[in-house]
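*Asks:* The structure is given below, and queries will be raised subsequently.
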Amino acid sequence: MKKVGTAFLTTLFIFSSFTSAHAEEKKDSKAFIDVSAATLWTAPDSLRPIDVPSATNPVDLWKWTKSMTLDEKLWLTNANKLETQALLGQEVTVVDKKGDWVKVLVHGQPTPRNEEGYPGWMPEKQLTYNQEFADKTNEPFVLVTKPTAILYINPSEKHKSLEVSYNTRLPLLSEDTISYRVLLPNGQKAWLRKNDGTFYRSQNDIPTPAADDLINTGKMFLGLPYIWAGTSGFGFDCSGFTHTIYKSHGITIPRDSGPQSRNGVAVDKEHLQKGDLIFFAHDQGKGSVHHVAMYIGDGNMIHSPRAERSVEIIPLNTPGYIEEYAGARRYLP
């Protein structure tokens, strides 16, 4: 180029016992992501023991990402084991099934690989289908605007349900002075602090961002460790980072760096503006694109670089990057 006592038992019952809610998946059926962020694999049953926390329901993405050594992270990249991530409530189309795994197409992540969505394999238990949620996917929603945020079972915020990612979208049911009441894809309800999200009546209600809006969003994630295929506040890859920044501001761009480099409006290096995406390619910038960053002005860029590092700001002319510069694209109007 993701909790003992009475309160625990209540939480366990409400948020873990979804047998009746899980979709009985059939080919080309629609479903919704039922975990904070589902990690999609290139093939089913590819998990190592260390990957199990990413494949449960609920997931524990912090445990997964923080427990991996560098070599274990590099294995995901070098062996090309992962495809992308999909966030809680995101719609997918199920196109195949092998045992307990399903192949899905993630809506809203454009790719030339499939016009319906980004393909990948995931555990079936991380999907659900609820008609009430399906009926409200085009209604007013709350967009999570913090790197991650906590959903609560009740407005008193005494009992946590789960931690969700930036850019998660959930239908709004009601609100009080400090919280939004939202609908979860399994049909349950939860509360989100208003400080952690923004209400929109529709997708078109999201205002066109200024370049500084995109940059400030990117800066929220400074220091977040890289994760191959990541598109969430639990970790990004390079193109997942730029895709998510733009999408959270109402602009959908391709999921991967190659297609990102072929869309938008081409920009000469001497005319770079804040918010432009800048690309890097093999063979001294003349081969296939392998990396993307966002230009933030004054000769600097912000990016999620690779498994050894975290989201950072560095000069565009940094050795190792400037030699592979392969052009820029503008997606802002």
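Heads up, residue numbers simply count up from 1 along the chain you see.
Glycine too: its Cβ is placed from the backbone N, Cα and C atoms.
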*Asks:* Besides Tyr118, Asp237, Cys238, Ser239, Asp256, Ser257, which of Glu83, Glu157, Glu163 does Swiss-Prot list for that substrate site?
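*Replies:* Within the candidate list, Swiss-Prot flags Glu83.
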*Asks:* In whole Å, note down how far the CA of His303 (active site) lies from the CA of Asp237 (substrate binding site).
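*Replies:* His303 (active site) has its Cα 9 Å from the Cα of Asp237 (substrate binding site).
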*Asks:* Measure the Cβ-based neighbour count of His303 (active site), defined as the other Cβ atoms within 10 Å of its Cβ.
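*Replies:* I get 26 for this one.
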*Asks:* Tell me, by DSSP, whether Ser239 (substrate binding site) is helix, strand or coil?
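*Replies:* It is helical.
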*Asks:* Quick one: what's DSSP say for Asp256 (substrate binding site), helix, strand or coil?
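*Replies:* Reduced to three states, the DSSP call for Asp256 (substrate binding site) is coil.
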